Amino acid sequence: MSAPKKVVLAYSGGLDTSIILKWLQTEYGCEVVTFTADLGQGEELEPARKKAELLGIKPENIHIEDVREEFVRDFVFPMFRANAVYEGLYLLGTSIARPLISKRLVEIAAEHGADAVAHGATGKGNDQVRFELSAYALNPEIRVIAPWRLWDLTSRTRLLEFAEAHQIPISKDKRGEAPFSVDANLLHTSSEGKVLEDPGVEAPDYVAQRIVAVEDAPDTPEFIEVTFEKGDAVAINGEAMSPATILTRLNELGGKHGIGLLDFVENRFVGMKSRGVYETPGGTILLEAHRGIEQITLDSGAGHLKDSIMPRYAELIYNGFWFSPEREMLQALIDKSQEHVTGTVRLKLYKGSARTVARWSDHSLYSEAHVTFEEDAGAYDQQDAKGFIQLNALRLKLLATRNRRVAGK
C-alpha cells in the first residue's frame, strides 16, 4: 500500500500521540493535521498546540475544538437514558467519547482532503476497535493508520527512548516517572498501567484525581435536586443549565463527597481482562437520579423491557458499535420510553454515596390511594387479587399434578 500524503491524527499532546506524530512524519514523509478534542478533560489544551507546532505542524493544520456540549448532549445523555452500565459496574466513560472523536477525524479529513486518519490506541485495547469501527461506519473508504500495530516501539521504555532521541518533551509526575496511562473527559477519568496491572495490589491513593477519599469527604451530607425532561437532566436545584454545565456541576459535587470511584477488572472486546481505576463522580449521581425519576414515571412493562435490553445496548457502546443500526434501533426504543420521564429527584450525597430520598412528577404513575395501608375509599378491591392469583397459579397446579402422576408410575 502506498504511503499516505496527508493524515489527520487524533492528538492529545501526550507521550503516545506526540511520538506518533513524529513517526508519521519520518515513516511516511506525509503532511500531518492534528485534531485535539476538548471533552472536558480538565487540562489546558494550548500546550498541545505549542507541542504540535514544535513538531513541525502548520498552524492551519492544528485543530483544537471545544466539543463538550455536543459530547454530553448527543452521546452521554442518550446513553444515560438507557441507564447503560457495562458488566454491572462500568459507566462507559472512555467508550462513549470515541465515536465523537472519530466523527470529527473523518469530517476534518474531508475538509483537508486527507487520505487517512490515525489514532494512538494500542493493539491490545478496545479503543482501536472503537475508533476504527466508527470511522469506517462514517466513511467506508477512509484509511486508518494504527502505529501501535505497525511499529517496533512495543513498550513504554522504547517509547521514552524514541521521544528522547527526537527531543519530544515528556511530562513527569511528582514521583519522577512518566504518568499513568490516563484517559479523561467530562464524564470520567480512567487510570491504567504500572502497579494497576497487578489486580492483587490495592491501587495507591494518588491514582484518584477527581474524587476525594471517602475518609476525607465532608462529615455533613448535602442534599441536591435534579430535574429531568424526557429523560435528560435540565436543572440542578431549580437552576436551568446546559448539558455540559450540569455534568460539570455534578462532577464537582460528586468529587467533593467521594462519589464514583471504581476499581474494576473488565472483559475487553479483544478477549483479555484488564484492570482500571475509574472516577465518574457526576455520572454516578446522574445515573442514580435518572433511575429515581423513572421509578415513578415509567410503566412497569416498558421499564422491564428497557432493563432487559440495557446490557446489549451497553455492550454495543463498549465494543465500538455506536454508529451501528442495532444501536440506533435500541436508542429509538429507549427514547420512546422517556416521553414521560419528567420530574425532580432529591438526592443525599454523603461519604461516597448518592442516594435518592424523594422524587415527584406531574407525570407520576404512583397512586397513594392504591398502595396505602389506610382506608383507600374503594380505590382498590382486595378481592380482585383472588382471581388474579388463581389464573396465574393454574399452570403451576397443572405442572404439579402432572409431575405427581408421572412420579407415581
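Yeah, the Cβs are placed from backbone N, Cα and C, and that goes for glycine too.
Among the candidates Ala37, Ala84, Ala137, the residue that Swiss-Prot names alongside Ala10, Tyr11, Ser12, Gly13, Gly14, Leu15, Asp16, Thr17, Ser18, Gly120 for the ATP site is Ala37.
Maximum C-alpha to C-alpha distance over the listed ATP-binding residues Ala10, Tyr11, Ser12, Gly13, Gly14, Leu15, Asp16, Thr17, Ser18, Ala37, Gly120 is 16 Å. Put simply, Ser190 (L-citrulline binding site) is 15 Å from Gly14 (ATP binding site) when counted between their Cα atoms. Rounded to a whole number, the C-alpha distance linking Ser12 (ATP binding site) with Asn126 (L-citrulline binding site) is 18 angstrom.
Of all Cβ atoms in the protein chains displayed, 26 besides its own lie within 10 Å of the Cβ of Ser95 (L-citrulline binding site).
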